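As annotated by Swiss-Prot, ATP binding site applies to 121, 122, 123, 124, 125, 126, 127.
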């Protein structure tokens, strides 16, 4: 059965709202957006983060760490998923009988009166959301990553139209009130939330699509190709004449879409053209075609997605890909980029698996995803994301790559140091290196830890 959200009778934009865990990417996005909508915002977290600094600069009062004294006369408390019932601020809010909403429940109250372009899928949703927000600059945007166009995960706006990155991992996408539902793929993941029931998992996607007034789907997906209700459909054959270029040193994909002409979008790979095409098709009723074509050029990528950190003797790329399908697609992009640069360097991959559950569920696919375009594989310890450690013999499972196992990687100037037991065992001074993972590898590659 599908969950029913807790509903707050008051409009959140008229409320005093306290966010517990305000530094997280999801919660900070809601806080930034609601402040722009007129709400009075306060918050707390356990540590300073870039989002906390940004909100403080806007005048938002934020307590570090959590403090029950911060809870006084607010109309509602919104907390992130990791906040537990025994949190001191949660306990104080209960004493004062202040309504408490999880982020998931708050979504419905925030979005119920909005014209939401809701993007959901296993892969590509951050990119599509950022591309569509570039195409429609008057719309608000809440993205699960930082758009380089406006250097934030949120574009604050008083506009009722909103581009929103929805999340299937906790089924909160069902609370996103989609005016337009945009789905690139439905590859099963996060099945633990759906009790490993595929029927329940796909029913959630069907419900999401059914409740939108407008639907944009990629029909090469095995589930979406059988979706029967009216939808704007993208098929692989609709995208043609794909070419890759460097423009002012930056990578771009050129392609033609249906009978709409040629488009140019930042980034490389067929998947990049597919993501851009879904964003374009979603905007056809919003802007004229030339505005769409020109505005798409404002998309400059998103942080941690084929994020080119440096391009000198050592080309260094950070990518959030943490699923075999994503890794395989991004490695193809890396090979295209290497060819455009006319470098003869081999592609070195540093991989940090994210969550034992994902690694075990997709182990056979992980064992294959590096076969193409990876010349050397370096493996970091699994990033558990608070999961209980599980025994898995990575050396045995990945022996066909003859991988290098290290404890961590450290950025030092323009070089990378590989460490085992806090000893530097190798320094990479030149070449082509791409890091994959959704854990702390991004901070290791950036020299931030």
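In case you wondered, yes, glycine gets a Cβ from its N, Cα and C as well.
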According to DSSP, which of helix, strand or coil covers residue 126 (ATP binding site)?
-> helix
Other than 121, 122, 123, 124, 125, 126, 127, the chain contributes near ATP (Cβ within 8 Å of their centroid) the residues 119, 128, 184, 185, 275
Residues that sit under 8 angstroms from residue 125 (ATP binding site) by C-beta distance, when 6+ apart in the chain = 119, 144, 165, 166, 184
In the structure shown, which of the binding-site residues 126, 127 has the fewest Cβ neighbours within 10 Å?
-> 126
Largest tally of Cβ atoms lying within 10 Å of a Cβ, found at which of the binding-site residues 123, 124 = 124
Counting every protein chain shown, other Cβ atoms within 10 Å of the Cβ of residue 122 (ATP binding site) number 19
